[in-house]
Every structure is written in C-alpha cells, then in structure tokens.
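Taken verbatim from TrEMBL:
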REGION    1-31  region 'Disordered'
COMPBIAS  1-12  compositional bias 'Polar residues'
COMPBIAS  19-28  compositional bias 'Basic and acidic residues'
DOMAIN    29-166  domain 'Glyoxalase-related protein'
Amino acid sequence: MPFSLITSSGTSHAPLAPDHGESPRRAGELPTLTKAKDQAKRLRAGLAESGTDLSHAQALELLAHQHGFRDWNTFHAAIGNRPPEDWAPGGRVTGSYLSQPFVATILSVGRVQPGWFCLVLDLEEAVDVVAFDSFSNFRKRIRGIVGPQATSRERTSDGQPHLVLDL
C-alpha cells in the first residue's frame, strides 16, 4: 500500500511509493542500518522545522521509499544483514579495545548472526589490556564480535563494551 504524507495542515501529498519501473539500489549503494536510522531522524527533524509532523515510523517508511523499497521492513532486511562498507579485509578502522584507543587493519570479517559480525583486527600499535600498574599485557591482534551499534556484547566491570568501533 503506498504511503501518503499528510501535513499538519491536513493537506495530503501524492503517494511516495517509488515508480514501479525502478529497481531498488544495489547493496553497495545503500547506507548502513545506523546511517539509515540517522537519516530518518534528520528527515523527521527537518520536516518538523517546516511544520510537518511525522512519526519516526513514517520517517523510516519515507526513507525506504526514497531508496526504492516497498517499505521499511524490506529496506531493513536489505541493509541490516551486512557489515558497514568499510568493514572488509584490508580496510582500516578506529575504535577502542578495553578502553584503549586504536587504529587497525581488518584481517577478516564474518557474519555470526543477523547484524552481528566477527572481526579479526591487526592493531597499528599494541595496546595494554591490563588496568594494573604493576604489570602489562600488550595485544597487537584482537578478535571480537560486534553488533548493530558496532560494540561488543561483553562488558568490563564498569559497564564499558570490550570492543567499540567508530562508525
């Protein structure tokens, strides 16, 4: 069913469904799930500034239509099951491991489950993974599993994720 935009003044705009002659964009041209949600937030905020109220769900649907998909669920399925484009062997990432900042080269990426990826990283400089002053343990190669927000499920005793990648 096509989605119509109704402004706060009650004016209905033409359906925003894509032309059926168009095909959805290829996966390499699609934003990551995080970027898509950020785009929907910006769209909603921009329309609110111009006096058009839109729910978050409506903004997600509009974004899906802009990318040539029937609805948000179809769009989400197309983008939610792949790593960000930068996450490929040989790619560079930044982030922190056990609260130590790093720059690394990706050695391998594998999907564990939808939205979760196992990465093996070769750090540019080894990081000390021990918080005590009396001894150190440096790591140059790390393996971690990160989810949709680019953080690991595992946490330190103070609640920080073991691995955090910058998106």
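Each residue, glycine too, has its Cβ placed from N, Cα and C.
Applying DSSP to the domain 'Glyoxalase-related protein' (29-166) sorts its residues as follows: 38 helix, 49 strand, 51 coil. Across the residues of the domain 'Glyoxalase-related protein' (29-166), the predicted structure has a mean pLDDT of 89.
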